[in-house]
Amino acid sequence: MTIKEVKELLSTDVTEDQLAELEKDPRVGVQKLIISYRKKQAKLLAKKQAFLERFSYEKQFWQKGELVAGVDEVGRGPLAGPVVTAAVIIDHNFDLLEVNDSKKLSPEKRLQLYPKILSEAVSVGIGVKSAAVIDQINIYEADRQAMAQAVKALDVKPNALLVDAMNVPVDLPQIELIKGDAKSNSIAAASIVAKVFRDKLMDDYDKIYPQYGFPRNAGYGTKEHIDALKKYGPTPIHRKTFAPVSDFFK
């Protein structure tokens, strides 16, 4: 077997017996391929184990035959745009290993996972509260109301919620988890859905207000965004109660 053929074999599902045979091959090139293969397999196994561990909270409900929704938000800190929340119900068939805290994923990876989550989830709900609402009732309360909106948008009612460090104003049992998107696959899936949904909204706003660089900053106070604010002033989607936007209304 040539080294090229060994490489092709190792790109498939090989058995331990096949590996044992290959390990007898004295060629340096073959041994390097085997070491690389075993490293990749160890990495994949660790990823699978971490993924399964992030079902620990969900399993508490699944074992009772209950559904639980993960809830998360994105857009608390920006100077412009809405706060967006998502509620996602998954079950034991959910197998998207790459689902994790959205902040740990590249924009490309989030975009790849978004339709897959929508397809595999039992139900997905979205909540959106505008900059005007945020200014009216404050970001914390707008966040809570958007989370409630997302839960109510689910077409299947959950028995309980797993929430990333918040309390949602709905009549359901809740477990609040600090850094929940790193501890629960349901919350992680919700964080990805909310992030991609909000990024798309900000891309749409960029077509109306192209000066502020929303596709690059998502409404956060980057230098580009602040410079545009100084030059052009705030738009209707800017949060009037957030500094330095608030300086324009004094």
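In case you wondered, yes, glycine gets a Cβ from its N, Cα and C as well.
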Of D164, D171, D199, residue recorded by Swiss-Prot at the divalent metal cation site of D72, E73: D164
Cβ packing number for D164 (divalent metal cation binding site), 10 Å threshold: 24
Sparsest Cβ surroundings (other CB atoms within 10 Å) among the binding-site residues D72, E73: E73
The domain 'RNase H type-2' (66-250) [mean pLDDT, rounded to integer]: 97
